[in-house]
Amino acid sequence: MTSCGQQSLNVLAVLFSLLFSAVLSAHFRVCEPYTDHKGRYHFGFHCPRLSDNKTFILCCHHNNTVFKYCCNETEFQAVMQANLTASSEGYMHNNYTALLGVWIYGFFVLMLLVLDLLYYSAMNYDICKVYLARWGIQGRWMKQDPRRWGNPARAPRPGQRAPQPQPPPGPLPQAPQAVHTLRGDAHSPPLMTFQSSSA
């Protein structure tokens, strides 16, 4: 594997581990959407909210008759009857299908960004080459090879003679060709005028 490929894998591994740890640490901090005892739907939110104290980082709720709210660790352990220090699996949010959907969606968004970058760099090759050279990223892969892009007028390889053009075999039938001149309007038909009414 090349050093560039190994470096890319290392970066992806670090990003994956950071995202995975963030997901595991955030499951207590999310108040998921819920319906109260009157049947009204309440949207979910992330703790702490902008209006909350920064120590209120956990989601508390007593039952369906009381709204969910952000609370501190002591209140969370009293209300939810969960010991955060004893088990890391205590009050884990279990919406695995939504979490899987977020990961799949994130993967496709990342792939779209990579493809967009590759398309942009292919369309703006000269600009990208200048910036990469300015940043110190250069190499043989940056030089355009006319053979790579399917140039019909290929340059001869070293040690080869240039191919000589050959005349066409025999006379070719001549098709009648129309001759157009721009000198005058002698041969062009007159323009027709149409009456138009404005409505």
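Just so you know, glycine gets a Cβ as well, placed from its N, Cα and C.
According to Swiss-Prot, the protein carries these features:
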COMPBIAS  152-163  compositional bias 'Low complexity'
CARBOHYD  Asn53  N-linked glycosylation site
CARBOHYD  Asn95  N-linked glycosylation site
TOPO_DOM  26-97  topological domain 'Extracellular'
TOPO_DOM  119-199  topological domain 'Cytoplasmic'
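Residues within less than 8 Å, Cβ to Cβ, of Asn53 (N-linked glycosylation site) and separated from it by at least 6 positions along the same chain comprise Asn72.
Per-residue confidence over the topological domain 'Cytoplasmic' (119-199) averages 65 (mean pLDDT, predicted model).
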